[in-house]
Every structure is written in structure tokens, then in C-alpha cells.
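Encoded as C-alpha cells, the structure appears first; notes follow it.
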Ligand SMILES: Nc1ncnc2c1ncn2[C@@H]1O[C@H](COP(=O)(O)OP(=O)(O)O)[C@@H](O)[C@H]1O
Ligand SMILES: [Mg+2]
């Protein structure tokens, strides 16, 4: 024993290095939050996860891109003077796919850590619970935004190829992008909150489908009934306040972004729609923060 | 020691509604391994969560590594590692990926995190399995993965909540050895809980006993031994080996009697109880006889006397 000096490096002997301390630099909270944000965004598309988890997001994305590529082909080949569908209306027309994406991927970011309790490992680390919730929401928001923005980019590229007026198209695209951002904030909030409460993936997906797809369908049907049966325009416009999609479409309509609603949204309804949209986002965010605060103290 | 204590609490109290999980706890924890012992519901996990800043105390104060739990929770969570009592591993992720991610969540850069994760997984003894999804792990492997994530960022202190829970005897011994190494070789202070009263004395320098949220005792493990006195020794083999050891120890002046497969030793005379001399003696005697020592622990029946002395139920 005693004659063995620590570096008696005999050939063929693998040295156990023993425990090594880490004395490199440690990142602060903002860098940790950024890492969590990027990881969350990747996970929303199944990147860095199993092959199986990439199927759903990319199949949905391909489905929402397919019509856009057809539109581009038609416009470029036939030399149409304008896109047959506005950028903002394209998102509206593919709303089923967008809602499905949000419903299917929100549990990845909001249910898994709670269901498997790995949340306690996060909360025992520097990021505080409220910030964790906000970062998760930001990841999902950007994931949903990209889902709607990618077809928009394809359409825009097609419009440019077809030689459509650049300044007109750019204005329309910018409007669509702003509306998509607002939409993404709302969809991420609603589907995230639902997923953080119903931890079973199936229930979370069904819950989000109810809130985003079924509710929107009901609102649209009621708006149409009210429009055709009633004689006031107030009821159908007011009904539009009750779903994220009708809120965004109403604002798109008011902003002349090329989306038709059962009745035009104008006057005092415009700020009302905007305020309700912002309140919805804020309420979801507060709900998420409260939820993660609560699980943190268990 | 002259150094600031690793943990110190003053009048720390935590009530969940009407449940008094911790009552007026004043205690200090130093370097090395500290065992936190108490029956289920004694308040061990609650104490850890309060110290991590995950739960707000109802009253009192505490500091961890010189940081106040009330205002500097984030700073504390940068410096400590936590192995929770319950399952907390996502089943569809490999231990390797998970530990890397958790190291990053503690502020390590991407390449440092990968390097540390590989190191730490090797230390806890997860080899090829570390690339497999954790859902397929045995309890022992899960506990190792949980421990690895707690060590990933090279903390100054780890909270290990019931690390031996659910393990078979062999895995339990492995885990306790790991805990010992964390305190000595790794140089990381450890607060380790167990609801088994006798289990932690072998690996801890200091033992804190909680009962119903009250501090029952806090003392160096040596004092515990002195106070409780007796020891249990088990060697590899049959009754023949047991009796050979017992007789040899009796010749050295210890009072021994067989108990099951073990030798029970009465409280040794003062000159042997001092500074763990009796441990050395037993080790030497076993070695002289060529007997493999399987177990050397304080006689648990005596440890339980601590509770009786405290005047409370166990
Ligand atoms: N979140 C909680 N809400 C209410 N009571 C709790 C909660 N957590 C623990 N308790 C109670 O507090 C006491 C201490 O629990 P705990 O700290 O988990 O003990 P131990 O870890 O020693 O088993 C128990 O009576 C337990 O039932
Ligand atoms: Mg416990």
C-alpha cells in the first residue's frame, strides 16, 4: 500500500480519476431561462425527444403547409394578379390544424413535468416557479407562432415569385404576423393552462380541443344564427368575444387583414376585442403562475 | 471548527393548517454526513423543503451555507442538490440526457454539463443503462439516477430524502456506501433522511432525531454510540463463524452473546468506547480470524431507547 505513489502509472491500469469538482463558470438565471426556453421550443416539435414524438407536430405542419404550396403553384403558373386567400385568412382556414397542434403539444410542456413530478427537480434549482411557468408558456407561444408563420412565409415567397406588388404584400404579411403572434399568445395560454391542470395527456388534449375547437365552432354557429334570425348586429359581434379564434378574426376583420366575420367588427368593438384578448392572455398566464407556485410548495 | 455551520435553524416551525409538521426546531448541521432520522411523518421531508425555500416556514429562521432561506432561496438552490423522496423521473428520457439537462438547469454550460453528467453517472454506478429510458429502470437504478441529478452541478451540500427507500439489502448497502463517499471523498456535505432508526449511524458523522416535528436529539454519532452502547456485528458464514468471533471478542474483554445470525455486544468499557476504538478492535479481530465483516452497527434496540428517554412514542 505505502509504496504506491499516486502517480505510479502502470501500463494497462485504468485510473479511477476520483471525484472531480467543477470550478468553471456558472450561468445566471437569465441564461438558465434561455436554455429552458430553447429546450421547450425544440420539445414542442419533438426535437431532442423520441422519433415517435416528432410525428404529430410534423404531420400537422406538413398538412398546414400543403394548401399553401398548392396556392403558390397555382399563382406562379397561372399568373393570377393576387393570392386567392389573404395571409391572415389562411391561418383562419387552417385553424383546425393550428388548434390541434396547440392541443397536442401543450401537454409536452405543461403536463409531463407535473405528472412525473420532475417539476420538484426544477424547482429545487435556481429558476423560481413563476419564471418556469412563464418560460414554458413562451416556448409554446413561439412554437404555435412558427406553426402559423411558416405557411405565411411560403405564401409570401410565392407572391414574390409571381411578381405581385411587394409593398402591398408586405403590409398584408406584417398584419398577419401580428395577428398570429396574438393568436399564439392566447392559444398557448389556454392549452397550457388546461394541460397543467389535467395531467393525463388524453384529458389535456380533449380539454384543449373543447376549448379551442368545439367552443369556436359553437361561437361561430351562434353568431350566424344571431345574424340571420335576429335583427341586431350587437349579439353576433358580442358573441365573438368568447373564443380566441373569433377574437383574432374579429380584430383581423377590423384591421382590414382580409378575414370575413359574420358581421363587421368596428367602432367600440375593436378596443373591446383587443382588451378581451389581452385579458385572456393575462388570465391564463396568472393561472399558470399560480399553478406552478402551488405545485412548488408541495 | 470555527467555520460557519452548513445549516442552522432557529425556532423553525412549519404548520400545514392544523398539522404541526415542525415545531420550534433549533439545530445546527456541519460538514460531512448528517443523518436525519425519525418515523414517518416526523417532519424530515418538510424540513428539507423549507431549507430549499420550496415551503415557507410558519415561523423561525434558518440559513443554508450562510444564506437566509427567506430572502436568498435562489442562491441556496444554486449551491445545493436535492434528491426527493418520491419518484421524479420522466420515464421516456435516458438518465444521461436527463442529468445533462438538470445540470444545465443548475447553470452549467452545455459541454460542462455533458462532462459532469458522465462523471457523476459513473460515480453512482450507472453504466450502459444510462442510455436507456429511465421508465425501464429498477428501483435501485432509479435511486442512482435521482442521486446523479442531485450531484450533477457539483453542489456544496446535498439533501438526500430517504435514499435507501424501497431498496433490497444489497442495493441499500451500496447506496449507504455512496452516501459515505459523498461526505468524505467528494467533500460534499450531506443531510440524509431515513425512517429506519439504525440505518444511518454507519455512514453519518452526526445524527439528528426528529419525533412528531420536535427535535429529540442532535449529537455526533460517536456520542450516540456511547449513550446507546451496544453494537451488532455480523460476519460472513454460519453460526460457527459467528461463535468464533464472539469468543475472540470476549477474550478481548467485551461481553458478547449471539443474537440470530449476529453477535450482540454489550456497551463496551469506557476506554474502548472512546473515539470508536471498539470499532477498530472488532475490525482487527475479524481480520485476524480471517472473517469477512458484513455488518457493524449500533444495537438498534438500544437506539430506540433514545425515543423512550425522550418520553415519546416511536
Ligand atoms: N402538503 C402537506 N399538507 C398537509 N400536511 C402535510 C403536507 N406534507 C406533509 N404533511 C404532514 O406533515 C407531517 C410531516 O410530514 P413529512 O415532513 O413528510 O414527514 P417525514 O418526511 O418525516 O415522513 C406529516 O404529519 C404529514 O402528514
Ligand atoms: Mg419524508
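Along the chain as shown, the residues are counted starting at 1.
Cβ coordinates are placed from backbone N, Cα and C, and glycine is handled just like the others.
Record note: among A:10-33, A:34-57, A:58-81, A:58-81 is the stretch given as transmembrane segment by TrEMBL. Among the ranges A:251-271, A:272-292, the one that TrEMBL lists as transmembrane segment is A:272-292. In TrEMBL, the feature transmembrane segment is placed on A:144-164, out of the ranges A:123-143, A:144-164. Given the ranges A:88-109, A:176-197, the record in TrEMBL names A:176-197 as transmembrane segment. Here the listed stretches are A:58-81, A:144-164, A:203-222, A:272-292, and the one with the most C-beta pairs under 8 angstroms to the transmembrane segment (A:176-197) is A:272-292.
Distant neighbours of the transmembrane segment (A:144-164): 60-61, 64-65, 67-69, 71-73, 75-76, 79-83, 87, 90-91, 94, 98, 101-102, 173, 176-177, 180-181, 183-184, 187-188; these residues of the same chain sit at least 6 beyond its ends, with a Cβ under 8 Å from one of its Cβ atoms.
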